[in-house]
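Here is what Swiss-Prot records for this protein:
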type	residues	note
MOD_RES	P3	N-acetylproline
MOD_RES	K14	N6,N6,N6-trimethyllysine
BINDING	N123, T173, K177, R295, H327, S379	substrate binding site
ACT_SITE	K175	active site, proton acceptor
MOD_RES	K201	N6-carboxylysine
BINDING	K201, D203, E204	Mg(2+) binding site
ACT_SITE	H294	active site, proton acceptor
SITE	K334	site 'Transition state stabilizer'
Amino acid sequence: MSPQTETKASVGFKAGVKDYKLTYYTPEYQPQDTDILAAFRVTPQPGVPSEEAGAAVAAESSTGTWTTVWTDGLTSSDRYKGRCYHIDPVPGEDNQYICYVAYPLDLFEEGSVTNMFTSIVGNVFGFKALRALRLEDLRIPIAYIKTFQGPPHGIQVERDKLNKYGRPLLGCTIKPKLGLSAKNYGRAVYECLRGGLDFTKDDENVNSQPFMRWRDRFLFCAEALYKAQAETGEIKGHYFNATAGTCEEMIKRAVFARELGAPIVMHDYLTGGFTANTSLAHYCRDNGLLLHIHRAMHAVIDRQKNHGMHFRVLAKALRLSGGDHIHAGTVVGKLEGERDITLGFVDLLRDDHTEIDSSRGIYFTQSWVSTPGVLPVASGGIHVWHMPALTEIFGDDSVLQFGGGTLGHPWGNAPGAVANRVALEACVQARNEGRDLAREGATIIRERSKWSPELAAACEVWKEIKFEFPAVDVLDKKKN
């Protein structure tokens, strides 16, 4: 008998294929404080039991493969395997389940969202035994959170840098998103900031195209920024998009923004990737830059209810990887986002601790210990009539960003900015006086428009604009 054969025999190796549930379905398991916990929405193929489907997810996203291998005997499966420890049927669905999986912390590299996602949302999402699979939520243990830097600065440090308190911050994405020359782009930035906005923003599509190279844009926008600051006496910012084709080029652009004295840069964190984003977040903390995050490509991942990954998971991943702002939908604008679900992940971004709350789609209690919070950004199809609802929904610790709702003003960019600033201050004052923004919002805007011709003009041009379509991703409810 060869030594190799003896080794196989000594560990009781038996070739073949066995059901995943024999090893990876463990309903008696009690999750540990150090485990990463995942809630998967699993839709098995017809004839596949829920226990087998949940166990398959646990196996294929941790130590398992399709057949027994003799090298299993060279390690401790019980120490490293993922475990499906609980299964709940989804209300109103005949063949859909929420499967809870616990992963030992040793499966993941410290401080790496990239490695965490490679395992948990890797090849298992193409597994043939499943018709569809969606990651609904993660519980990140404190022991793992402490291996990440997190946001470069956080909410309080940003407010101190800007010297702005007691209200949401106001922003604007420069439009048209593509095609402007750097000089005309800088002009629009100046007009918006001069009119009263706190920030202007590069569109996520704007990197360094032939019509406007990044260095030219940075120079003209910096000039606009300083001119507006000098004339208003307020600290202003422009989100310089540092996203690039390589990490080296991305850092070079961030360095140039810092040399210009810019307070903030921007990154498209999903198209750019988590490794690039974490690298940029570390640079921003070391060099005093705020980091604005755009979520371009998120709907490819999170919009379908049965397959992919919910945005609350992407939001948690961003808080680990690092960002001071992130786009989070609007509830009332042109982009997808149900109110309760949106408020659920907004709290996950900002708060130190969130409890399980099925009414908002939160599957796990999550503690962030000392990790700084992230400002949610409401952006996409919003205008002055939305200001009361946005102020009431998102509160002070947010950025309200009006692109077309600023540059689409009939009198020009600066009057559009004035209209938004006046509307915001009216809503904040009314709220502080105890008025109900949800019920009295339209009245509050009309009252203030009597004293602001810019606001009155904006109210007139957008009075009929609504985006009333049903949300695709909604909370689970029993069918009647």
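Using the three backbone atoms N, Cα and C, a Cβ is placed for every residue, glycine included.
Cβ neighbour count for T173 (substrate binding site): 24 (other Cβ atoms within 10 Å of its Cβ, all protein chains included). Between the alpha carbons (Cα) of N123 (substrate binding site) and K175 (active site, proton acceptor) lies a span of roughly 39 Å. Just so you know, the Cβ of N123 (substrate binding site) picks up 10 other Cβ atoms within 10 Å once every protein chain is counted. For K177 (substrate binding site), the spatially nearest entry among the recorded positions K201, D203, E204, H294 is D203, judged by CA separation. One way to see the shell of the Mg(2+) site is to take the Cβ centroid of K201, D203, E204; the remaining same-chain residues with a Cβ within 8 Å of it are T173, I174, K177, D202, N205, V206, Y239, N241, M266, H294. Taking a C-beta cut-off of under 8 Å and a sequence gap of six or more, H294 (active site, proton acceptor) has these contacts in its own chain: E204, M266, H267, D268, Y269, I326, H327.
Measuring Cα to Cα from D203 (Mg(2+) binding site), the recorded positions that fall within 10 Å are T173, K175, out of T173, K175, R295, S379.
Within the set of recorded positions (K177, K201, H327), the lowest number of other Cβ atoms found within 10 Å of a Cβ is recorded at K177. Counting only residues at least six positions away in the same chain, the Cβ atoms of D203, G403, G404, L407, G408 sit under 8 Å from the Cβ of K175 (active site, proton acceptor).
Taking every protein chain shown into account, D203, E204 are the binding-site residues, and of these the Cβ with the most other Cβ atoms within 10 Å belongs to E204.
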